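Asker: According to TrEMBL, the protein carries these features:
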type	residues	note
DOMAIN	B:20-126	domain 'Ciliary BBSome complex subunit 2 N-terminal'
DOMAIN	B:165-272	domain 'Ciliary BBSome complex subunit 2 middle region'
DOMAIN	B:396-481	domain 'BBS2 GAE'
DOMAIN	B:484-573	domain 'BBS2 platform'
DOMAIN	B:587-683	domain 'BBS2 hairpin'
């Protein structure tokens with residue numbers, strides 16, 4: 001059975017954060033539910049649908065930005081109390097909108113995530129986790145990296161309290177009191193946690209997680225160790241996951257998994273087999289889905305998925321069919337409802353337009369006076385700048401609450417902007433003639449009407465670092481633009497990992513000198529992505545990294561006065577050396593840099609590159625042949641006379657071409673890295689081999705692993 | 001929601017834009033399309049089992065209802081239609097870079113086969129003006145040629161550059177068709193037989209044209225723009241990051257008016273309303289669209305819109321029925337309207353809030369440091385822009401210059417200029433480094449052609465530490481002749497070439513025209529007639545003299561015939577002159593032209609000689625091959641080997657000969673283009689018949 005869901009828009013509020021919309025439990029059996037939502041203006045609104053129109057139950061006054069909204073109450077009865085986290089304060093409302101709680105937590109940072117269970121309150125700010133019981137401080141934990149979400153296994157079903165933190169460094173931390181019980185590594189930075197089936201599954205220990213690179217998984221949190229149940233990789237390259245809910249929308253008695261992503265995708269997974277969720281339905285909305293929940297809001301008797309988006313739209317994906325099979329009179333009634341809605345909106349608009357015109361005149365007038373000031377209207381930009389592991393490129397996602405007019409991209413490092421199929425904006429590259437202006441890339445994206453979200457893909461080169469700036473101009477009056485800055489780090493293609501292979505031949509770079517722990521940490525932050533800005537609490541820290549393109553690794557161990565960096569790739573060490581000495585000179589710190597080069601490592605790296613290079617060369621060769629082979633096929637009618645090799649190329653033609661298209665310039669990048677490796681190897685020896693690079697390229701053109709290794713040895 | 005009524009998947013690739021439907025036997029519509037390796041396939045689903053058995057046409061080994069026609073050359077254009085009204089069935093016309101073939105599919109015979117020196121980039125079939133018989137009009141290297149059913153050359157004229165698209169349309173509403181020509185110099189020209197009646201300048205190469213109805217026609221550019229013109233006025237246009245492969249007019253929503261159907265390079269097909277450009281229907285293919293045509297492919301009396309993708313997928317759509325009320329897409333219009341209205345409301349509310357904030361900030365006292373960071377600037381900040389000519393220095397060539405400055409201590413963070421046709425892309429960005437920020441910016445502009453351009457400026461104004469900026473938007477027009485600097489008449493030597501003409505306008509009006517179309521320094525005033533002004537071109541350094549006598553007689557002295565033509569056309573259009581007699585002499589240019597003509601003759605003779613050589617060689621090959629095979633049969637392996645060695649050498653010679661021929665041919669084409677352009681340029685020097 002195909003699941004068909006129809007979209008109906010209910011209402012628009014202000015910009016919303018992740019997990020800020022909930023459905024209140026239905027008061028009577030099968031009656032429609034009320035929606036409660038909190039936005040960035042600090043307004044909590046509760047409404048229900050009556051005859052296709054949104055009717056507000058209550059609406060609070062504006063205040064601080066609402067980061068989370070949760071329902072709570074006494075355990076084992078319907079959870080009807082509304083809790084919001086705004087700034088460092090927690091407020092509670094009854095379902096009628098009466099405020100019954102205002103709790104100032106005295107946290108120094110504003111609250112990012114919240115979980116409520118009975119009288120237990122679990123909060124987390126950027127790095128701090130706090131557990132309160134009846135508003136009294138119970139436990140506290142300082143985390144090494146940013147906390148994205150917090151949850152606690154159902155207390156009514158388990159005899160213990162098990163809070164779990166989702167941390168940016170790809171780890172779920174399972175706590176016991178104020179201590180970490182154990183850590184679970186997950187395949188991407190986790191952004192959201194949810195209880196399986198809403199109650200933790202059969203054992204009450206099943207936990208769902210979603211990551212910012214779009215992966216989804218289920219883990220059972222037992223008392224001693226985690227049990228990975230299943231994981232869905234993001235094959236279709238969809239957006240990061242922002243919200244998860246369990247609800248039986250298909251109507252087969254098994255709760256389905258509802259997932260909302262930051263590229264506007266809403267998915268329904270159903271469990272035909274308990275350990276194998278399959279996609280039953282997907283639909284794209286044009287902007288980030290911040291929260292979603294299954295329930296019944298629009299019409300009694302029809303289940304739906306209620307979704308809230310970044311710009312504050314509350315939309316239902318309902319099982320109610322659009323074209324109902326009913327008498328002609330009813331059809332007319334529906335249209336009447338619509339017409340009423342439209343005309344009321346129209347009159348509202350007219351009124352507003354008049355008001356705006358007046359204000360505009362005032363604004364014009366005040367521009368005559370010499371003392372007056374002109375402010376810039378503020379608008380919020382939801383941005384995400386992440387490294388994709390699969391093709392070693394960065395994706396930059398910009399989302400604004402209103403339509404974007406244009407975006408100017410400027411960079412002071414050489415980077416490539418790649419085309420993204422999804423975006424429809426017209427890109428235009430401008431010449432960057434004058435070197436004096438530090439521009440290596442100037443490009444404008446002129447967006448089509450109603451574009452609120454823009455996705456860009458950027459390819460960086462390791463060793464070349466600087467800042468990428470995006471000037472975003474939305475279509476609001478008065479016209480304004482906001483700058484977003486992103487650092488392209490020297491080792492931009494590295495990614496944090498938790499395990500490395502210690503048996504590889506390693507090159508070592510050692511720093512010693514009069515520097516503090518904070519200083520050396522800031523250097524590491526400067527050089528490598530995915531390192532928390534805040535220096536860790538420990539005296540000595542170890543971070544492991546992996547090069548997403550070549551799979552070489554980097555180990556960094558540092559403390560006050562000493563830093564040791566180990567990598568099997570000489571180029572990595574060389575880049576670190578250059579950047580660190582430059583940074584130290586800038587701050588006038590006397591730094592002792594010693595390095596130890598392992599000759600074997602070069603050969604090892606070349607061997608790592610070998611399969612990739614060979615694969616790419618073969619792919620390129622095959623793709624070149626496809627057209628000619630196809631022509632033969634047309635001419636001869638069958639392909640029996642071809643060798644099996646050619647026949648297999650023809651059979652896989654589409655797949656090969658797709659693969660080839662997916663990795664543009666992959667070969668060039670590999671060549672570039674081999675060249676860097678060659679130059680760096682001899683740089684450490686003190687010889688300049690730039691003159692031999694053409695020779696190297698010649699060898700690469702007719703690639704053979706042994707010749708290449710011999711060339712590296714001989715030169 | 002409109003769904004395809006049929007979907008076919010052919011196992012042949014389809015070359016982009018090479019698709020046509022014809023009733024080659026008079027009743028059954030068949031799809032003809034160019035495919036790989038210089039072949040044309042004809043898909044005939046109606047009469048199975050009828051096979052062609054001659055050398056030219058053979059049955060496709062992949063599919064039973066497809067037959068292949070061997071052209072042995074890359075097909076550059078293809079169409080089908082009635083060429084000979086007496087025959088009662090359609091002919092297939094296939095153009096390549098050197099030939100045009102009119103083919104009778106039904107009888108499997110050539111109607112005619114003509115060699116075409118200028119190549120055939122585009123083809124259109126139909127009646128033109130007063131010429132009674134249908135013509136196959138092809139556009140090539142600056143030239144247009146029309147052939148009748150016997151291959152007689154009944155129409156010939158030249159145009160400004162290589163032709164990329166052709167269409168027949170009743171442009172002036174006189175009931176006869178005019179020819180629309182889109183060419184590489186970004187111009188759409190309208191030919192009433194061989195007279196140009198209108199010329200529209202676009203911003204990129206015009207890749208497709210199609211008549212809509214009446215005097216309306218659609219166009220597509222190579223930068224992803226599609227749009228609709230009504231006569232010389234553009235109705236609407238849209239630009240996409242994808243490229244429009246083909247456009248076609250079809251009434252998809254049955255409202256009696258054709259929509260513009262566009263097939264895109266990303267596989268999208270959309271139908272847009274001819275009035276507004278609003279999308280009324282869209283569908284997606286998995287690969288780029290190759291062609292959009294119409295025909296009664298199911299033979300049930302209903303015309304379908306047929307879209308083909310490059311991978312050989314073919315979908316047919318029937319026009320929407322009356323019940324659909326023109327609503328071909330999946331969404332309900334009311335929902336969309338509500339969404340749009342509430343978005344509008346949200347925007348207005350936001351604007352109101354912005355003004356409120358502004359009022360609040362105003363009361364908070366004078367400007368301070370943190371205000372600067374938030375991008376607050378004095379309300380009376382204004383921007384001044386001016387255009388001037390910069391003569392350049394050693395490091396920078398001469399250029400036109402746009403100077404922008406603010407009225408106070410605010411800085412300009414960046415300037416975006418959106419303008420078409422003068423930059424590489426559609427925009428130019430100036431983003432000074434953080435150290436070089438100031439309250440004024442000079443932007444060099446070098447338009448490659450003499451066309452008036454609207455510069456849409458967006459300037460980001462704030463303070464050095466701001467993270468938010470005010471965006472000032474402004475449009476300035478760059479005059480047509482901005483790349484000419486005023487110089488004093490005595491220093492420059494007067495060019496000998498000239499154009500002379502008399503207009504019935506007061507000299508003051510001419511002075512006004514000068515001011516509008518050239519960049520003058522601010523303090524120049526042009527004295528009353530008779531006067532003369534002298535300009536130097538910033539591109540080439542040539543001089544231009546414009547002399548105006550009291551009688552209204554104007555003399556242009558310049559060696560650049562294009563420039564003279566542009567000036568005359570610009571004057572004619574601004575003074576609304578319909579006919580203008582001129583007297584012109586361009587000795588330098590004509591001397592060059594004479595040389596070109598001599599060269600053309602030389603290349604022609606070389607070409608003939610090479611062809612003769614080739615014929616000789618082919619005889620030799622035949623004999624060598626026969627002798628080699630003889631030797632093989634006689635088991636005289638040594639002789640055979642020697643013969644094949646000789647053959648190999650001969651082959652090498654032939655390949656070399658071919659290379660020479662190729663070079664010769666490109667040279668020849670280049671020169672022929674120059675000749676064609678000379679005719680066009682000379683025509684530009686006058687107005688009217």
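Cβ atoms here come from the backbone N, Cα and C positions, even for glycine.
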Asker: Do the domain 'BBS2 platform' (B:484-573) and the domain 'Ciliary BBSome complex subunit 2 middle region' (B:165-272) come together with 3 or more C-beta pairs under 8 Å, pairs six or more apart in sequence?
Answerer: no
Asker: Mind pulling out the one from B:20-126, B:165-272, B:396-481 with the most Cβ pairs under 8 angstroms to the domain 'BBS2 hairpin' (B:587-683)?
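Answerer: Going through each listed stretch, the top one turns out to be B:20-126.
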Asker: DSSP says what for the domain 'Ciliary BBSome complex subunit 2 middle region' (B:165-272): how many helix, strand, coil residues?
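Answerer: Tallying H, G and I as helix, E and B as strand, the rest coil: 0 helix, 69 strand, 39 coil.
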Asker: Determine the mean pLDDT over the domain 'Ciliary BBSome complex subunit 2 N-terminal' (B:20-126), rounding to the nearest whole number.
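Answerer: Residues in the domain 'Ciliary BBSome complex subunit 2 N-terminal' (B:20-126) carry a mean pLDDT of 79 in this prediction.
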Asker: So how many of the residues in the domain 'Ciliary BBSome complex subunit 2 N-terminal' (B:20-126) end up helix, strand or coil by DSSP?
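Answerer: The domain 'Ciliary BBSome complex subunit 2 N-terminal' (B:20-126) comes out at 0 helix, 55 strand, 52 coil.
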Asker: Work out, from DSSP, the number of helix, strand and coil residues along the domain 'BBS2 hairpin' (B:587-683).
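Answerer: Split by secondary structure, the domain 'BBS2 hairpin' (B:587-683) comes out as 94 helix, 0 strand, 3 coil.
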